[in-house]
Structure formats: structure tokens, C-alpha cells
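Novice: Handing you a structure now.
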Amino acid sequence: MAIRLTHLRKPLAYSRSFDVCIPFFRSISSFEAVEKAIKCAVETKEYLRIPELVVSLKEPYQNSTLFSFLSAFQRHHRIRVIDEILQSFVPVRPRSLPKIVYSSLLTYCLQSSDPLPLSFAILQRTLRSGCLPNPQTHLLLSDAWLERRRGSQSVADIINEMKLIGYSPDTGTCNYLVSSLCAVDKLDEAIKVVEEMSAAGCIPDVESYGAVINSLCLARKTTDVVKIVKEMVSKAGISPRKGMLTKVAAALRANREIWKAIEMIEFVESRDYPVEFESYEVVVEGCLEVREYILAGKVVMRMTDRGFIPYIKVRQKVVERLINIGEWKLACTVRQRVSELRS
């Protein structure tokens, strides 16, 4: 059953009731005292005081214990309170002022017995405020997500639970989940999220694919990365960002799979997306490394068709290797095409 929430759209006015609870909160320095003051602020709905209280600490605490008192609340009450806190921060300027509060709330929720979907709501508000969660969030979020997925729930079903507490899933929140899964080397699950998040109304973008592609390249999972690149340009209709194809080509070169790199470039161009100079350069160098000299010459010809000229050392090496194997005609054609472009 959906939980109805009353969102606070305006900053809360200052109330004298807060002074009754903590008459000298500016002098508070101990963690225990600040925690007690925050609890009082929640009881009196003086949520806008919470960032000041957290900042008053001598050290920037970013852990779950700052809001551990919320565990004593009933689930419905706890969700409502956290929602009210999040909504009260919307008009706060600078938007980064509640950063530590967001971080503490998110850590608390992710370590609770029922972390999702409330953690997604906090994460969404954090990202929309221009803040980034602390690095520990990647591990905690991945653990919480994988625990839910062990129950055989679909990606879309889990993400759509945000709607039950009054929040709409978005691509930015899903992208952070994808990057978290990549950060802990759960690449298969990250791919599933990218492929299925659209069923929850979150359309994958270049950030979604980019996170997975970067991680697959680092892991040299070339078969998977080529598949994802093809899905990105053919199914999603997304143009590769600068450097993306070069990174994939470099991974294929490292695995000595230069034919796959050429096939990938041809596929991307067949969908009318541009391939940058650096990608071609990596492929030519890879051809030379595996002694595919004729192939290197053909790739150089393809480069010149697009107005690209290989670096001088590379093109000289291509011509020399072609001459050495008796491919005089191709060597002369390559040299001529390069000269025409330079003139």
C-alpha cells in the first residue's frame, strides 16, 4: 500500500520551542550533545537547524549513529520524518549546506534493516542538491541492492518502490547505483541495471553506458564491452562521448583483438556516429603490433577518407612494413593519400 506523505514546500519558521530543548546549541561540541539536539530538532520540526548543529561539531561526523535515534520510530513515522527533513532542505542556499546531513542520513538508512527504497530518496535529494555521497556509499548501496536482488525481484520493481513513498525514480539515481556496482566489480549486475532501468521510466544515458564501458575496459572484458557499445548506438541511439571508443579500442588492442576493434568502428560508423582520430590511431598501432601490415594500410586509407592523417612515426612505419612484405602498390597509395591531405 502506498504511503501518503505531506511534503514541506517552504522553509520552516524558527520556533522558540527549539530554545526550550537546547538553549545554547552553538556551544555544543560533543557528539552526544549534538545528537540529542538533533533529536530535539526533529521532535519540534526545526529541521533547518540540523545543518548548523552538525557543523558545530569539532569533526565532520558522517556516519549512521548521528541519526540512530530514528530506529526507535515506527517505519511509517520514520519515513515521514526523513521526507520532511529532505523537503525542508530544498530551498536552502547554498544547496551544499546540508551535505553532511544528507551523508549521515544516507549512511544510516543504508545500514538499517530496510534500506530501500528510502535510501534512493535520500540519494536522489543529495544528487539534486549538487552534492556527492561519501565514497563508502558505493559499497553500502551495492550491498543493499544485491541483498534485495537475491529475492528474485526485478530491477524495475525495486526502483519503482520509490513511488510508494512519494518519490519518482530518475536516471541520475540509477546512474549512481550503476557506478556503485561498477566500483565493487559487480559488472554483470551493473549491466542488468542499465539494460532494465528503462522499465522503471529511467532512460539510460551516456553516463549510464559510460560507467559500465569504463569498468569493462579496465577489466578487459572485451566481448561484453563491444556488445554494450553496439547496444548504446543501435538500441539507445546514443552517440559515444569523446574518448569512449578510444578506450574500448585500447582494451581490444591490449588483448590483441584488433579485428574486433575494426569491426566495432565499422559498426558505429554504419549507424552514422563519428569515430574520433585517436580511436583510429590506436587501431593502426595495434595492427602493427600484431603484424597485420596490410590491415594497417587499409585502416590508414579509411582514416584519410575521413580527413585524418596518422602521426608521422606511425604512417612511416606502415609504409615501411608494407614495402618490406612486397606490398609496394598499397604502400605507394597510402603515401600518396597522406601527401594529398597534407597539401
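Glycine is no exception: its Cβ is also placed from the backbone N, Cα and C atoms.
Positions annotated as repeat 'PPR 1' by Swiss-Prot: 98-133. The repeat 'PPR 2' annotation in Swiss-Prot covers 134-169. The feature repeat 'PPR 3' is assigned by Swiss-Prot to 170-204. Here Swiss-Prot flags 205-240 as repeat 'PPR 4'. Among the features that Swiss-Prot reports, repeat 'PPR 5' is placed at 241-275. What Swiss-Prot records for 276-310 is repeat 'PPR 6'.
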Novice: DSSP helix, strand and coil counts for the repeat 'PPR 6' (276-310)?
Specialist: 26 helix, 0 strand, 9 coil
Novice: Would you list the DSSP helix, strand and coil counts for the residues of the repeat 'PPR 1' (98-133)?
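Specialist: Secondary-structure composition of the repeat 'PPR 1' (98-133): 23 helix, 0 strand, 13 coil.
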Novice: How about long-range neighbours of the repeat 'PPR 1' (98-133): same chain, 6 or more residues beyond its ends, C-beta under 8 Å?
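Specialist: For the repeat 'PPR 1' (98-133), the nonlocal Cβ contacts are 50-51, 54-55, 60-68, 70-71, 75, 79, 82-83, 85-86, 89-90, 92, 140-141, 143-145, 148, 158-159, 161-162, 164-165, 167, 169-170, 172-173, 176.
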Novice: Who are the long-range neighbours of the repeat 'PPR 4' (205-240) in its own chain, taking Cβ under 8 Å and residues 6 or more past its ends?
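Specialist: Non-local partners: 171, 174-175, 178-179, 182, 185, 187, 190-191, 194-195, 197, 247-248, 250-252, 254-255, 257, 260, 263-264, 267-268, 271, 273-274.
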